[in-house]
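The structure appears right after this line, and notes come after that.
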Amino acid sequence: MGVEIRVEGLRKSFGRQVIWEDVSLTIPAGEISALLGPSGTGKSVFLKNLVGLLRPDRGHVYVGGGDVPRLRENDLYALRRQFGVLFQDGALFGSMNLYDNIAFPLREHTKKSESEIRRIVLEKMEMVGLSGSESKLPGEISGGMKKRAGLARALVLDPEVILADEPDSGLDPVRTAYLNQLFVDLNTQLGATFLIVTHDIGTARVLPDNLGLLFRRGLVMFGPREMVLSSTHPAVNQFFNARRQGPIGMAEEKDLADVAAETAPPTMPAPIPPQLMPSDGSLRPSMRRPGEWLREHGVTPPPGSFVDDEGRDWLNDWDALVAQRQRR
Ligand SMILES: Nc1ncnc2c1ncn2[C@@H]1O[C@H](COP(=O)(O)OP(=O)(O)O)[C@@H](O)[C@H]1O
Ligand SMILES: [Mg+2]
């Protein structure tokens, strides 16, 4: 389950404003990837290019054999059925209750009977922890519930790919932690490919298998979490460690002008935290042994890496931890 998305040489501009040029990356099938970047770097525009809502100036987006920018309307329509998209605000219809909102894609895109629709809607609502809220209106629920309702709606067509645009924006840290756990659990259950755009460094550090950074009209880096979090590349190091010093400034203009700051010596990356685990005690197929990428590439982990909140060292105790989970 889950398909790979291969992006090659993608360039997008609006008029004379170049958003990014020459973006290439492979989003691995069935894995969780996260895309970050200062605001205005074209993260939302990137997601829209993946589903064919916007067309690039040039480049390719290969998904399941097709090249998205070159698909005809009919094929594009079919392709979009493979994508579940969670927009930033949940994009719920204000006059429809949650049940009807979540049922909407099924009524729109399938010929399923109302009883079948009911089974699917209730199943997805349970998955995201919204059972019992069927008759609530979007205006009556919290931001966190809206995100989960949007997520349930993104799931009803059993997508191969789930795209989420800042699902954690506007959520408090506790709600964000719950949402991240939900992403891990959904990925475990569904095996779909996840791409999550986020602003939250905390999320980026613990949730995904792969991390990417958009900055200064390009994709600075995309790769396994351990690679990115241990990187001393100035922008990557600054961004994922939330430091003030470095090439990323407050204003977009400074980002472009202040190249000198890049020569500032990189600081030691912060300890790499253990990755979030599925709550049912299982392991995700795409989850790698802590420290594996670092070892394979001869990189010494930043001191204190892979120690969890309870003080357990995942680097050394991984086998025992796995055995303990499997006994539960
Ligand atoms: N449909 C559009 N027409 C013209 N400019 C756009 C359009 N969509 C986005 N932009 C511009 O592209 C840039 C990147 O936008 P966006 O992808 O929303 O950034 P991010 O999601 O990273 O904050 C912004 O400068 C924005 O104004
Ligand atoms: Mg955006």
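Numbering starts at 1 and runs along the chain as displayed.
Any Cβ shown, glycine's included, is placed from N, Cα and C.
Annotation source TrEMBL lists compositional bias 'Pro residues' at 266-276. Note on the compositional bias 'Pro residues' (266-276): residues 180-181, 184, 205-207, 209, 225-226, 229-234, 237, 240-241, 243, 245, 287, 290, 301-308, 314 of its chain, located 6 or more positions outside it, place their CB under 8 angstroms from a CB of the stretch.
Annotation source TrEMBL lists compositional bias 'Basic and acidic residues' at 289-298.
The domain 'ABC transporter' annotation in TrEMBL covers 5-241. The average pLDDT the prediction assigns to the domain 'ABC transporter' (5-241) is 93.
If you look up TrEMBL, you'll see 265-312 marked as region 'Disordered'.
The DSSP breakdown of the compositional bias 'Pro residues' (266-276) into helical (H, G, I), extended (E, B) and coil residues amounts to 0 helix, 0 strand, 11 coil. Across the compositional bias 'Basic and acidic residues' (289-298), DSSP assigns 5 helix, 0 strand, 5 coil.
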